[in-house]
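K.L.:
Quick paste of what Swiss-Prot says about this protein:
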type: BINDING; residues: Asp40, Glu42, Asp230; note: divalent metal cation 2 binding site
type: BINDING; residues: Asp40, Asp161; note: divalent metal cation 1 binding site
Amino acid sequence: MPAALVENSQVICEVWASNLEEEMRKIREIVLSYSYIAMDTEFPGVVVRPIGEFRSSIDYQYQLLRCNVDLLKIIQLGLTFTNEKGEYPSGINTWQFNFKFNLTEDMYSQDSIDLLANSGLQFQKHEEEGIDTLHFAELLMTSGVVLCDNVKWLSFHSGYDFGYMVKLLTDSRLPEEEHEFFHILNLFFPSIYDVKYLMKSCKNLKGGLQEVADQLDLQRIGRQHQAGSDSLLTGMAFFRMKELFFEDSIDDAKYCGRLYGLGTGVAQKQNEDVDSAQEKMSILAIINNMQQ
């Protein structure tokens, strides 16, 4: 069915605390055949700036991300599932997870909250019926979505998105050093393609997600600045770009694991000879130390 003819309620499932476990059961089945996952988050903006001396502007960008992710809470997560051809499962293909968030108690940027409210987010419902992040993390760990080498993650300018995901999965602050962040990221998300990073090799493509979608003649389903709709559009953009600019083959050595705007951004194993079990054990030790 053409995207323009699809109602968002037919393909995007709203997930709250009441239906979380039921929908995660469906995802455990879906990911077996649809292992390309486009992801987007909504979060309450940027509220602080790091102070002190920084090794470089790139180091500053990571410290900016780190201090804000540590202070703030994720509001929404969108996950869209496709196969390697960009084909969707029949029916629902996108899940929009709505997390607990309290405008009275939690920190936020007013401009960001106004934007999200104008985009249709229901903050009263987030407070009363939102998902507990710890419960979600427990279910995600055993979902077949993270910690799996065969799952490919698609994102757009996603440093903050993955920052919030690492915080959620580790239940701890982000590591002080960017290279430690990428080690942990690689454990949970072994294969990441950031569409904004891919755009560096796509002549004339520029701007944010909606601008890119317009240039690629893609039809949005749902509302902009909602995580489900944005994740769905991110997946569409990836597969259209892969076809138009990369001859349906993306060079992993050049693009996989690179996040736009963060350092070298390589979330890949440094040495293919390193035993992966030992690598994962060392990363888990880092996480354990962070939680203590």
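Cβ coordinates are placed from backbone N, Cα and C, and glycine is handled just like the others.
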K.L.:
Can you count the other CB atoms that lie within 10 A of the CB of Asp230 (divalent metal cation 2 binding site)?
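P.N.:
There are 30 such Cβ atoms around Asp230 (divalent metal cation 2 binding site).
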K.L.:
Can you grab the distance from Glu42 (divalent metal cation 2 binding site) over to Asp161 (divalent metal cation 1 binding site)? Cα atoms, rounded to a whole Å.
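P.N.:
Cα-Cα, rounded: 8 Å.
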K.L.:
Tell me, how many other CB atoms lie within 10 A of the CB of Asp40 (divalent metal cation 2 binding site), whichever protein chain they belong to?
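P.N.:
There are 29 of them.
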K.L.:
Counting only residues 6+ apart in the same chain, whose Cβ is under 8 Å from the Cβ of Asp161 (divalent metal cation 1 binding site)?
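P.N.:
Looking at Cβ-Cβ distances below 8 Å from Asp161 (divalent metal cation 1 binding site), excluding near sequence neighbours, one finds Met39, Asp40, Thr41, Ser155.
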K.L.:
I'd like the Cβ neighbour count for Glu42 (divalent metal cation 2 binding site), meaning other Cβ atoms within 10 Å of its Cβ, all protein chains included.
P.N.:
26
